[in-house]
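Per TrEMBL, the feature compositional bias 'Basic and acidic residues' maps to 12-25. Residues or ranges marked as domain 'Acyltransferase 3' by TrEMBL: 48-377. Residues or ranges marked as region 'Disordered' in TrEMBL: 1-25. Residues or ranges marked as transmembrane segment in TrEMBL: 72-95, 123-140, 172-193, 200-220, 232-253, 265-288, 308-329, 336-355, 367-385.
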Amino acid sequence: MQESDTGLRIQTKGDDPRQRHPKSEVVRVVSPATHDISQVSVATTKILFLDGVRGTAVKFIVTEHAGYMRDLFMGAVGVDAFFVLSSFLLTMIFMKKSIKLFEEQASYRKWGWTLADYFSKRFLRVYPLYALLSIALWLMPFEYKNRYYRITKPEDFNLFQTLTFHPEHRHYILWTLPLEIAYYFVLPGFVLVALKLGRFWWVMFIPLYAWVIHGGLYTIRDNFHRQPLSKHLPTFVAGSMAAVIFVKLEAWVKSTGFKFGTLHIVGLRVVETALIAVYLSVVFRGLFFNWLGVPLPRPTRYSMPFTSVNLSLLFVVEMIQPSSVSLIFEWAGLRYLGKISFSVYVLHVFVVFTPPIQEQTNYYDKMFAVFGLVVLLATASYYLIEYPSQLLVQRLASRFAEQAAWEHQRIPNEGDTDSGELDAARSSVDLLVNHNKPW
């Protein structure tokens, strides 16, 4: 719920988008005239609609914690969307980087620098704010620990174990971060296996999708604070598989010069409409299920609904053929919420559980107070903590890139020297032989 590496389906506003976006976020722009992924150009910008999805997800979480729509488990829906979005984006980015390294026949050292860059970005993007929040909680009186992060006993909070993601010290909403960081270590292996399978990459997706769907339908994810990664692994894997599908489709479209015709677009829109209908019906626990006479059973406890496959495939469809759906999520307000989403996620409890806000009886007064104050607090946190962390990440990324480039140049140069010396030796031998020949 904290990643901001985004990249496709955009309309660039202004003459020079590089003046407004970090240099590291390099992605593609879909031609607005054809909406054809085969007619793309590289630009320094962001996948705007995915930022909007992130903003919508964090809005769901704040909505539930503020006391609205509690019957729909909107917070769980938002967290699931964060898991899918995070795995989708990171898999796409790492896979494209890995493909480039394979094409270059990069050395192990260059792979090492690439992995160091990958892990440093993931860690430094989120951990500084998490660490400062943990220290602030440690310094707070127990009354505030209990009010904002539901810590029931003073001895239940241990700073060191909280900072090191101990399973027994994942307080309230902080349980999601250790799971995401744990998946960061799984993701590179998943990508490398998919690439090593070559054109048979799809073979492993058949059992994986069966496993994801079975887990989504029959695994109850309710005791979030104590659940290991394995309970949520199908959700992350669904996002990663969708990213692999997109990268493979994108490469196929570019290599074959495929053009989307009217029938192809209509077919994609039919699939997209069905995915949206199922997603909304699951989230709102009704809609088409009720209208078609197959109502869902009423939940007996708070749990996370199964939405990962639908949502991840929607990402693929919108990345391949953008529609008005992505335009909705490109709204500046949602994108800004997506930009500051991590700060919103970890800090909104300091607003919604403050007594004057929590005890507010007027519906609209409370709503405007909650979202207004949360955005102000998260904005301050973003520019004071997150943004400097991102600048540090960029500096480290530049340093890692220099090291990786140096390794890439050094090894071929050494090889060229050896080859040149060998050719020179061969020429000398030929001259000597020819000189000693009687004719």
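From the backbone N, Cα and C atoms, a Cβ is placed for every residue, glycine too.
The average pLDDT the prediction assigns to the domain 'Acyltransferase 3' (48-377) is 92. With a threshold of 8 Å between CB atoms, the same-chain residues lying at least 6 positions outside the transmembrane segment (72-95) that come near it are 1-3, 5-7, 47, 50, 53-54, 56-61, 63-65, 118, 122, 176, 179-180, 183-184, 187-188, 190-191, 194-195, 221, 232, 235-240, 242-244, 246-247, 283-285, 299, 302-305, 307-308, 311-312, 315, 341, 345. Most Cβ pairs under 8 Å with the transmembrane segment (232-253) belong to 308-329, among the candidate stretches 200-220, 308-329, 367-385. Proximity of distant same-chain residues to the transmembrane segment (200-220), defined by a Cβ-Cβ separation under 8 Å and at least 6 residues beyond the stretch ends, is recorded for 193-194, 231, 233-235, 237-238, 241, 244-245, 248, 301, 303, 306, 308-309. With a cut-off of 8 Å on Cβ pairs spaced 6 or more residues apart, the transmembrane segment (172-193) and the transmembrane segment (336-355) reach 3 or more such pairs and are scored as touching. By the Cβ criterion (under 8 Å, sequence separation of 6 or more), the transmembrane segment (336-355) is not in contact with the transmembrane segment (265-288), since fewer than 3 such pairs are found.
Note on the transmembrane segment (265-288): residues 35, 72, 74, 77, 295-296, 298-299, 305-307, 310-311, 313-314, 317-318, 320-321, 323, 325 of its chain, located 6 or more positions outside it, place their CB under 8 angstroms from a CB of the stretch.
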